[in-house]
Amino acid sequence: THKSMADFLAIATAAERQEAETQASQTTLCCCEYIAEDKQHFHMLGCCCNCEDFDLVCTRLITCKRIEQRNIDGMLIAFQDRLRLPWRGGAKRISPAALAPAFIVPLMMGLAALNAKTGIVLMLTLIGFTSWGLQLAERTATKTTFFLSWIVFSIVYMVVIFEFEVPLLELLPEENYILLLLSGGALYALYRTKQLAALNLVTTQYGTTPKDELPGITEASSGEEQSEQQAAADTILGIDDDDEDYDGDEGESTGLMQQHGQHGGQPNICESCRKVTPRRAYHCAVCGSCVKRRSHHSYWLNCCIGERNFRWYLMALALSECALLLGANLTLTAVCHPFLVVRLLGIPLLLPDDCSEVFEDFELGISFVVAAYAMLISSYITFVLVRQLYMWYRGTTLHEFKRVKPSNNGGSGNGNGSRNRIWSNWRAMLK
């Protein structure tokens, strides 16, 4: 008995010592250390060392031997795991997709500043590459930080070039202050849009019972799909509907119980995540959760636009549009030959006239390219903003607009409903 008790105490003491050593090792990481996938401690300075797959790939490449796919995959995984940023409490992993725009954007701007033909080709290539990337991400429902990183580095480079390359002697101080104010407001609105995106997710456990334990769940889901499409069609056609603005979990629960009563007690259950969701909540395959009043998933912000951040999203689009157009106008009138259009309250309104000499100097050329890049972005934002305002005017969301089927009656006889819906939208926005 005494021997078994002593063995037990020895084992317990060793386990406590091992746990204490593990906790100490985890809390004593310096800013350049990290724990790899194999639970081993590594240092950032050794990123190119101790990689057997990399050594084997290089050896086989030099000796012209066949390289196996598993060695290439292991080498790429090791590189991705060791791409780190020094941080307090341990080095943080950096996604290659988030780091790529840091090199692509300045390289593109620098090459486009060489001459006009190169600039046109690169801008057209940028449009095609962006369209292809967005379609690929949407088709595969991929959650990526590439486009968000592209926005961040584009803003940084445009601000740096505007403040240090554009001849500010040609600008009024008030114009520079207004541009900085608009840019700061747009950045804050984008930050709030990203920050409030988590509040759109349906996290309340209205019910997570498996489908096979809920009788009639298949029929209810099928009927609910048809009722959602009909509700979206009624919304677009302007048919008045209940406009309670659910705020918080209590409002969602109340709306859910009302919906249960309207649909004969059958819950509105998402077939993807098996949650009972509130009215007008739809599942996002990228976020992996249902989103309250989901409009769409913004790959540029890497989050969903829904009930809580829709107003901030519109504000960010409007302020970004104003900042980009003002910055492009100030840059072009500073590097090109401007002409006076009109004077408003004593402030001259100038527009560029002749920009044929901008590519003779690299500083003027890079400023002109940044202005053209800003105008290209502003045209895209204009399209997105007009589309979102139109959806808001019709009392629907982009997701519901895409889901609705064409109506057979042509939408006639819905004047009063449209006016009531428009007034409800304005009232909800001004709350």
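The backbone N, Cα and C atoms fix where each Cβ goes, glycine too.
If you look up TrEMBL, you'll see 94-114, 120-137, 144-164, 176-191, 312-345, 365-386 marked as transmembrane segment. Here TrEMBL flags 243-266 as region 'Disordered'. Annotation comment: TrEMBL describes 243-252 as compositional bias 'Acidic residues'. Per TrEMBL, domain 'Palmitoyltransferase DHHC' is recorded for 266-402.
For the transmembrane segment (365-386), the list of distant contacts is 109-110, 112-114, 119, 123, 126-127, 154, 157-158, 161-162, 165-166, 314, 317-318, 320-321, 324-325, 327-328, 331-332, 334-336, 355, 358-359: same-chain residues at least six beyond its ends, Cβ to Cβ under 8 Å. The stretch with the most CB contacts under 8 Å to the transmembrane segment (94-114), chosen from 120-137, 144-164, 176-191, is 144-164.
Non-local neighbours of the transmembrane segment (120-137) in the same chain are 108, 111-112, 144, 146-147, 299, 372-373, 376; each lies 6+ residues outside the stretch with a CB under 8 Å from one of its CB atoms.
Listed as Cβ neighbours of the transmembrane segment (144-164) (distance under 8 Å, sequence separation of 6 or more from its ends, same chain) are residues 95, 97-102, 104-106, 109, 133-134, 137, 179, 183, 187, 190, 299-302, 327, 330-331, 366-367, 370, 373-374, 377. Outside the transmembrane segment (176-191), and at least 6 residues removed from its termini, the chain residues within Cβ reach (under 8 Å) are 151, 155, 159, 162, 168, 301, 312-313, 315-316, 319-320, 322-323, 326-327, 330. When DSSP labels each residue, the domain 'Palmitoyltransferase DHHC' (266-402) comes out as 66 helix, 32 strand, 39 coil, counted as helix, strand and coil in that order.
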